[in-house]
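Annotated in TrEMBL:
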type: COMPBIAS; residues: 342-353; note: compositional bias 'Basic and acidic residues'
type: DOMAIN; residues: 16-144; note: domain 'SCP'
type: REGION; residues: 317-366; note: region 'Disordered'
Amino acid sequence: MKLNVASDLERHLRTLVNEERTSRGLEALKLEQHLNESAELHSEWMIRADKFTHVSGNNDTWHERIKDAGFGQGGSNWYTAENLGFSQVRTLTDRRDIAETIVDNWMKSAEHRPNILSGKYEYVGYGVAEGEYSGMKVMMVTQNFGSTNGDILLDHGDIDYSAVPEASEPAIPEPTNGPDRLDGLESDDQIAGKGGADRIWGREGNDTVWGGSGHDSIWGNDGRDQLIGGSGNDKIWGGDQDDDIVGGWGHTSLWGDSGDDTVEGATGNDKIWGGAGNDTLDGSSGHDSIWGNAGDDSIDGGSGSEKIWGAGGEDVISGGEGQDDLWGGSGNDTAWGGSGHDSLRGDSGDDKLVGGTGNDNIWGGSGDDEIMGVRGHNYLWGYGDDDEIIGATGNDTIFGGTGEDSIDAGTGHDSVWGHHGDDIIFGGSGNDHLNGGDLGRDTLDGGAGDDVLIGADWQDTFVFGRNNGADLVWDFQQGSDTLQLDRDIFDWRNIPEDILVDRYAEVSDRGVLFDFGQGNSILLQWVWSTDGLADDIEFF
């Protein structure tokens, strides 16, 4: 079983170091695959980041990186150390000569020599990566030391194969730095692809597969598998059961397939399909495209600008950072846009859609939806059925659509259209423009601020409370519409309607104006008489 086996060059480094140890009476260090893994990942990271340091991009020390790689977990007597080195690679340079130079420099270093000659360490791992550093082509080397009485996984280079009995099934082929085909067995396998564009099948069993560098294709097949892409643009398919899939550092395509899968895209611009089952999908960084497919999925877009489709099932979707496009699909979905200027679509089902901190566009679709703009200047549309819409802060544009909608525009100077159905619209604070729309008996309350209220067709109710400001009703229909007033406006709480009209209403050049003092008034535009107006007034 393989996690990360050393290359020939890395084995040569081990040989050179062990010659230094055994010549001084120390035991030879054994190659350990978790240490190989932590060392190789750090060398590759230093090349990518153009840095030469013991501290990685997540501010992890070698101790933390070795622990994360899984070395000696569950044991005590746990010690680690790290040596780093690099040398320029010139045309036709023998890499073994470079390795000898690096080990020679380590032995001359007051910092590195004690690690090599310490009797405290039993195991070692090497990671070699070539690339550009500080404008030069270099060979970067990380050497990780460890000691533990916990679980370890020796590199097969330390096993005497002549002492191993003949296997009852074929062995997994040794990986190379070229394009390999690696097939797992019926057992729980650990397979590492190393370099090249590898094709790896886990087959039966609960397998752990690493693609390594190169643009790899990985199939988990049967079993509950852990599949990790590596540094290339990889394609990974999970298989029948509950799999854990991580894309790595490239632009990856990941399929969970059947089962309740956990899929993470990592650093690239990834494409992720959850497949059947209730999946947990995370785009991580990068600009990702994610499809939940069937099942009740949990989807987090991460830090980039994502496109996310929940598809079937009752999904929970978070856009995260960036400018995201989110589609709930069928089912009763919940979606948060997060930061950035996002677009959210509920589609069918009773959805809960929350915008976030940016200027968001939200469409509810069919079903009884809950829509909230949160911050920013938002465009909110309920579409079909009976929706609850909250504009929150910002200057929002809100459309109720068909159905009997409840709309609270929130703070800001908002524009609201109820459209079809018997809608209840509250403007909140700010100077709002509220339109009930046609084909419905609407209730409009401008709230604080100087608002314009339009009932449109049918029998509408216009609400005016304390401190509502100076409101204008555009199309009050006497004998059809209702003016609903808060009794707290008046010193005489039980004032009769006809006396109220006589005391507070007068016909102006724009219509009938009710002036309640202290900046609170309501103008019934185009109404030219107070006769019979008392019959259209109600109190609450």
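For all residues, glycine too, the Cβ spot is worked out from N, Cα and C.
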Same-chain residues near the compositional bias 'Basic and acidic residues' (342-353), Cβ under 8 Å, at least 6 residues beyond its ends: 314, 319, 323-335, 360-372
Tally of DSSP helical, extended and coil residues in the region 'Disordered' (317-366): 0 helix, 17 strand, 33 coil
Residue counts (helix, strand, coil, in that order) that DSSP gives for the domain 'SCP' (16-144): 49 helix, 33 strand, 47 coil
Reported mean pLDDT - the domain 'SCP' (16-144): 90
